[in-house]
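Listed in TrEMBL for this protein:
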DOMAIN    1-594  domain 'Major facilitator superfamily (MFS) profile'
TRANSMEM  48-69  transmembrane segment
TRANSMEM  76-97  transmembrane segment
TRANSMEM  147-170  transmembrane segment
TRANSMEM  182-208  transmembrane segment
TRANSMEM  228-250  transmembrane segment
TRANSMEM  303-322  transmembrane segment
TRANSMEM  342-362  transmembrane segment
TRANSMEM  374-394  transmembrane segment
DOMAIN    403-458  domain 'Kazal-like'
TRANSMEM  477-494  transmembrane segment
TRANSMEM  514-538  transmembrane segment
TRANSMEM  568-590  transmembrane segment
Amino acid sequence: VVLGELEPLFVLCHGMLQLAQLLVSGYLKSSISTIERRYGFSSQKSGILASFNEVGNIVLIVFVSFFGSRVHRPRFIGGGALLVSLAALIMAMSHFISGPYKYTDHISESKDDDSGLCQLESSFQSPLSNHSCTQQESHSQQGVFPLLLLGQLLLGIGGVPIQPFGISYIDDYASKRNSPLYLGILLAVTSIGPAFGFMMGSFMLRFYVDIDKMSKGLERRDPRWVGAWWLGFLVAASFLFLTSLPYLFFPRQMPKEETGSDATEPREEEEKKPLPDPVLELTLTQFLKSFPRIALRTLRNPIYLLVVLAQVHLAAMVAGLATFMAKFIERQFTQTASFSNMMIGGVSIPLAVLGIVLGGALMRRLSISTRGSALMCTAAILMCMLTALPLLLLGCSTQSVTGNGSLGCSAGCSCPTETFNPVCGSDGVEFISPCHAGCMTKVQDNNTIKVLNYTNCVCINGSHALPGTCGSNCEHLLLPFMVLSALTCFIASFSQTPSYMMILRTVRTEDKSFAVGVQYMLFRMLAFLPAPVLYGIAIDTTCILWGKKCGRNTSCHYYNMDLFRQRFLGLQVLFVCGAFICFLLSLLILRHRAGQQGQQVEQRYTVVNGVKSPDNNTASKELQRMPA
């Protein structure tokens, strides 16, 4: 490969690297409900885990603008990619230090084993003792969450230089004609990367977590099922390692790419020299001192502030939905984690990407001005509100569940308090275990250890119960829910391109790089970091039965599904309304400014014989410069 051909090669390598990086973040969100079930995390704890990568990112993102042109950017990108690869390995390591997955009422190899059934004898074997619980906690469970947080922290730190350094490196050395194409390819990869993560999660979660062992009769629809969440991190770590190696061989500087159109540029365009980057003339101390001042000056721009706040509302909505939407589909519509991730990665995210592309194409086709961009954003978010509100009504209440307390019919069964092996009675009532249903016997398959049903159940009038949950009986509403949800994503994404253009057109030219940096910093501080935790707290408040292990709460077994739906999707509607208010205010300010400019031009008209005629030297030129 000759030097003149390095730019396309760099774009190819960087596209693959960004795909691998976003594969990790998308895969984590697709596996968050599985990790929550495996280690007994609350939704709040899962939200902290999902957003912890932003901690390392926020701390270091400020320095990207300063070190951008002072360092060997390809090597920094490669080093960051290796760190992200290490982070993915650390997260997968949590599986190997925690031992085999043991769920309550684990089915024994023996067909004659009656554990989990109603046994009236007082010699019923109790679950793990306090001593074994303490030992198990100290050796496996306690170290998992800090290890996952460490992986997320390194993931955020390693991801800091990848996109900013890569985009600036391409923009510096690509030709004017090819630069938009290269950047468009990278932005497209950035959009579809999380979709690949969710699709990989859909595939990996089909396998049992202990892939070398049988699930012993446990099916994917069982609420105790845990898929092989760790396997995707190993695949992503290998992909990241391979895509990081080429960056060690790219030069610090490349020859400027030239095309035929560049050679035929007018001479006056060739003689124009790019303005020096003011950041390069500052020391690190001067940069750190000037950053707050320039940031405050940028934030005083009302249009910039309102548009960024609108984007923050939308980013918070996306961060929360991406983390917990799969869990919501699992619980509300009784679907597997694999299917839920496939719906997000295969339907919602591609439609959002299509909306972004069509929004940009519409702006280019119609040559939309700044005020037109504000109108387009306001209209898109208003339509988004209209499609989001009906989602609050698409759902069902929690199925009838019994066993959360002492039942007279099974009081003599000596049921363990920490057991969770849901069964569905023939009367449609769900019990948290066969023991709580008062079932005395079970029928198993002759060739396998799979339980077919439980019989002689005292609490079901001596009838039988089937293993597994009764479900929410809400599967028929899944299709309209996904249609409206995907339509909401599609419409909301129309606002992304015009909102970015509003930011670039309303700040000073010398402040554009700072404005974009402040924008992304606010995204992380106000949206990506707190939003998953906020959604997690809202979800936890709807729990009606927490799991128990060693006397401590674990993940939630049952939610009040009406409250779950209202609070989870209510936050979505709240964030959309906030974005609509911000975009509407920016539109009103732009219209007010246009009216003031029109009045100023009107005042410069000269009145000749009682008839107004424009002064060709001033008013007509100003009229031509006024925004449409």
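From the backbone N, Cα and C atoms, a Cβ is placed for every residue, glycine too.
Just so it is clear, the model here is predicted, and its values are computed rather than measured.
By the Cβ criterion (distance under 8 Å, sequence gap of 6 or more), the transmembrane segment (342-362) is not counted as touching the transmembrane segment (568-590), fewer than 3 such pairs being found. The transmembrane segment (228-250) makes no contact with the transmembrane segment (374-394): fewer than 3 of their CB pairs lie within 8 A, with pairs spaced 6 or more apart in sequence. Counting C-beta pairs under 8 angstroms (sequence separation of 6 or more), the transmembrane segment (303-322) reaches the transmembrane segment (514-538) with 3 or more such pairs. Within its own chain, the transmembrane segment (76-97) is flanked in space by residues 14, 17, 20-21, 24, 28, 140, 143-144, 147-148, 150-155, 157-162, 165-166, 169, 209, 229-231, 233-234, 236-238, 240-241, 243-248, which lie at least six positions past its ends and keep a Cβ under 8 Å from the stretch.
Mean predicted confidence for the domain 'Kazal-like' (403-458): the pLDDT average there is 80. It is 374-394 that, among the stretches 374-394, 477-494, 514-538, forms the most Cβ pairs under 8 Å with the transmembrane segment (568-590).
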